[in-house]
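**Q** Once you've had a glance at the structure underneath, I'll fire off some questions.
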DNA sequence: AGCATTAATTATCTTTTGTTAATTTTTAGA
DNA sequence: TCTAAAAATTAACAAAAGATAATTAATGCT
C-alpha cells in the first residue's frame, strides 16, 4: 500500500507530522491515474473521497444549461482535492472535475480518513490548518472580486501563479476570473501594448 | 460573568453542546456594547478576540487610498466575528469593522478560548463546523461572482437575505456585490420596471 | 510533417458599468 | 416638526465587457 518512496515523499510534504500518523492516514490510500482530458468527478457524483494530487492539474467547472463552461477552481500537485458539494453540503457534485494534464492522485475514503483524523491531535490540528488555508484562499478570492478590476485580477494571477497561467488555456482562466475569453484576450492585449494603461 | 439569562440564551443557540462546555467557554467572555457608527476593529488593530454578536450588525470595509470604502463583509446577530487578518494571517487588520446598528457582543480572548476549544471534543467539533460553515459561505460567494451577473447577484441577496438588504444602506451593499452604488441603483430600477424580461 | 481541430485573437455592435456631477429623496438630530 | 446632512437616483459621457462571427494562430494526432 505504501512504499519507501511514498513515505519519504509524504514526510517531506507534511513535515510537522509523525511518520506513524502519516502511515496510518496513507495506509488505506490508493493511487489513481487520470489521463489528460478524462473526468475525475462527474456532475451528480457523490465522490466520498479525499484526494491528494501528486502530479498534474485538475479543473472543476460548472456546465451551464446553454453549454457554457464556467471554471470554478483549479488544483494541482501537492494540493488536496475533494468534491466541494460533498464535503460542505453532503450533496452530489454540481461540478465536473477533469484532468487538464496527466494526473496522479492518492485517494482515501473519507469515512475511513475521518476517524483517523479525529484520533490524532496532530492530524486534527493539520486538518484544521488545511481548512484555515482553504478559507484563506477562498476569502482572498472574494476580496479580489470586490477590490480588483478584471484586469487587476488577471495581473494578480499572473504574478502569483505564473506557472498555472502557462499550464491552463486562457479560456479556462477567463471564467475563473469571472470574465469571458474574449474579454481576457482584450485585457492581455491592453497589458502587452506599450501604450497608456 | 454568566447569568441565568445568558446561559439559557447560549443553550438555545448551541443546542448540541453541553451546558458544561458552554459555561467553560463563555465564563471568560465579556459583554461589550457598540453604538451605531462606532468602530469595533480599526485598521491596523491586532484584535485577538472572538466575538459573538448577540444583537446588531457589523460591517467590515477596506478603505482605499483615494478614500473609497469597499464593503468586504457583513455580520449580524447569532454570528461569530473576528479579525480575519488576525485569525488567518496573524496580521493587523487591513479592514475597519464598524457597527451599522447598536450592537451587543460577547468577547472572548482567543488565547483563552483556544485551550478550552481544544480540550473538548464537542467544542472542537463545533469549531470545525463553524470553520466549514465559513468556508461554505465564502465559496458560495466566489461562485456567485463567477456564475452570476451583478444583477443576478443582487437578486440572490434580496432573495436569501431580505432582512439584511433592508437594514444596510445600498451604497454598502453595492461594494459588497463588487459594483458601484450608481450601478446598483440602475439595477434596482431595471428590476422594478415592468418592462422586458 | 501535414492536416484537422481547437484556441486565441480581432472586428463589430450592443449592453453594462464606471465616473462625475446634479438633483431628488430620505434620514436623523436639534 | 423642521432642517441640515446623507443617501439614492438620475443624467451624460467614457470605458469596459458581453455576444456573435470571422480570422488567425497554435495544438495535437496519425
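Note: Cβ is positioned from N, Cα and C throughout, glycine not excepted.
In case it's useful when we look at the structure, here is the feature table from TrEMBL:
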- B:13-117: domain 'Cyclic nucleotide-binding' (DOMAIN)
**Q** Can you give the mean pLDDT for the domain 'Cyclic nucleotide-binding' (B:13-117), rounded to a whole number?
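**A** The answer is 92, the mean pLDDT of the model over that range.
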**Q** Please work out the helix, strand and coil residue numbers for the domain 'Cyclic nucleotide-binding' (B:13-117) from the DSSP assignment.
**A** 23 helix, 44 strand, 38 coil
